[in-house]
Structure formats: structure tokens, C-alpha cells
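For reference, Swiss-Prot has these:
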type	residues	note
DOMAIN	40-92	domain 'LIM zinc-binding 1'
DOMAIN	101-153	domain 'LIM zinc-binding 2'
DOMAIN	162-212	domain 'LIM zinc-binding 3'
DOMAIN	221-275	domain 'LIM zinc-binding 4'
MOD_RES	2	N-acetylserine
MOD_RES	157	N6-acetyllysine
MOD_RES	235	N6-acetyllysine
ZN_FING	7-31	zinc finger
């Protein structure tokens with residue numbers, strides 16, 4: 001009598017039948033599929049032992065069921081993306097979920113490096129400075145009327161320029177004759193002393209500190225010989241081609257102030273009427 005050779009599950013004889021051997025014993029094909037086969041996540045049917053099985057994460061598929069949920073294209077040996085548990089080929093994913101580059105108009109592919117600003121998207125290599133046309137990458141930039149500039153290009157194009165050196169002013173300038181200047185560029189034409197923050201005047205559009213202007217251009221007091229400068233409310237008296245500070249315009253003999261008083265010239269001197277009448 002021959003030894004029994006039965007299916008480990010249904011106990012039906014396997015003589016003359018196709019079977020599959022496992023560590024737990026032999027199985028007829030139907031029992032093997034019912035016991036060990038995975039269920040296809042798409043069609044919910046068993047994936048038989050003679051079917052090609054594909055799996056993604058914890059889901060299993062017949063080869064014919066592993067396809068794009070939109071265009072039904074097979075994803076076997078094709079790149080794909082999972083979106084909300086649905087499988088999509090790259091073309092459908094890009095069409096449905098990817099954005100277009102605002103510069104070149106091409107699709108920004110999933111996983112590629114991109115930049116987003118103001119509701120727009122760019123390929124990293126397409127986000128360029130509108131001035132030098134170099135990629136901005138992670139550098140600081142300044143938006144202006146739909147354009148984007150790196151900081152050096154923006155300053156070079158839009159920042160005010162110093163009236164003296166013509167270089168851009170990026171911070172802390174001063175205004176002279178309605179033009180911007182670097183603080184260090186606004187200096188006295190005579191002594192080169194910085195003028196920012198102090199009183200100064202000008203001649204022929206050139207700026208001068210008070211001291212240089214007085215020495216170079218101001219009339220000299222006929223009494224003390226020092227320059228007469230009008231800054232700060234200074235007052236002076238003129239007679240013919242001579243000038244005096246208010247506090248210097250006094251009688252040469254008695255030192256009485258002659259401001260607003262009658263006086264008599266006496267050579268290089270001026271006298272009050274009393275001293276003039278008194279004689280030499």
C-alpha cells in the first residue's frame with residue numbers, strides 16, 4: 001500500500017496533481033493561494049502564485065492593477081508618485097499638483113529644487129537677478145515692480161548717488177543743494193573739514209566752513225581786522241569801502257558805540273560828534 005501524500009489543508013490527495021511545497025507541508029494550488037496569497041489593493045482579488053505581484057509600502061497589486069489612477073497607464077517599471085493614497089504617473093501628478101515655473105513656463109517637477117515668492121514658483125536655476133542675471137538662490141533680494149534684484153544690483157540701479165563721488169548711498173547721507181552726499185564727502189573746499197552737523201556756507205556752489213569762508217571771502221573789520229561773517233545773526237556796519245563789526249564800531253577816542261549814532265570820519269578812524277567837535 002502506497003504512503004499517503006495529501007494537501008496540508010484540505011487533506012485531498014496530491015497524487016497526479018500540481019502542488020506547492022512549503023515549510024509546513026505540501027499544498028494544492030487552490031489551498032496555497034487561499035492560505036498564502038496577498039489580496040490586490042486595487043481589485044480585491046487574490047494574487048495567485050502564478051501572477052506577477054507588485055507592492056508599494058504595505059499594499060500589494062497584480063501587475064495589471066498597478067496603474068495610474070487617472071490615465072490608467074501601467075506603473076510597472078515607471079516612476080510614480082502617491083498622492084492621498086492614490087498612485088499617479090509623473091505626467092498626471094505634474095498636471096494635477098505641480099506648479100509651473102514663472103520664468104520658463106515648464107513644470108516644476110516633484111522633488112526638484114524650487115523657490116516660491118508672492119504666490120509664484122521658480123526652478124532654483126530660473127530665479128535670477130533682473131540686473132546681473134545670476135541665480136539669487138538663498139541670497140537676499142529686493143522685489144521691484146515684478147522684477148527681483150540682488151542687493152548690489154538694486155543699490156546700483158535705484159539707490160541715490162553721492163553728488164561728489166557718484167557712488168551709491170546705502171545709509172546715512174546728507175542733503176546739500178537738493179542733492180545727496182555721503183557724510184564723509186561733504187567737506188570744506190578750503191580745509192577739507194567734514195561739514196555734516198555744523199554750520200557752513202557756500203560760494204560758487206562750493207561749500208566752506210565758517211572759518212575758511214571768512215578768511216577767504218568775508219570783508220575784514222576795519223577795527224579788529226578779523227573777518228565779518230553773517231552766520232548766527234552777526235551784524236556789521238559799512239561806510240564807503242570800510243566795514244565794522246557792530247561791537248567794533250565805536251569812537252576811536254572815547255570808545256562810545258556809534259551804532260545808530262551820528263559819526264565823523266577822521267582819516268582811518270571814526271569819531272563821535274562830541275570828540276570831533278572837541279578838536280585834536
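Cβ atoms here come from the backbone N, Cα and C positions, even for glycine.
Helix, strand and coil residue tallies for the domain 'LIM zinc-binding 3' (162-212), in that order: 3 helix, 19 strand, 29 coil [DSSP]. Under DSSP, residue 157 (N6-acetyllysine) is assigned to a helix (H, G or I) in the three-state scheme.
The Cβ of residue 235 (N6-acetyllysine) lies under 8 Å from the Cβ of 245, 246, each on the same chain and at least six residues away in sequence. Residue 235 (N6-acetyllysine) carries neither a helix nor a strand DSSP state and counts as coil. A 10 Å cutoff on Cβ-Cβ distances gives residue 157 (N6-acetyllysine) a total of 14 other Cβ atoms nearby, all chains included. Looking just at the domain 'LIM zinc-binding 3' (162-212), the mean pLDDT is 88. Per DSSP, the secondary structure of the zinc finger (7-31) breaks down as 3 helix, 9 strand, 13 coil.
Mapped onto DSSP classes, the domain 'LIM zinc-binding 1' (40-92) shows 6 helix, 19 strand, 28 coil.
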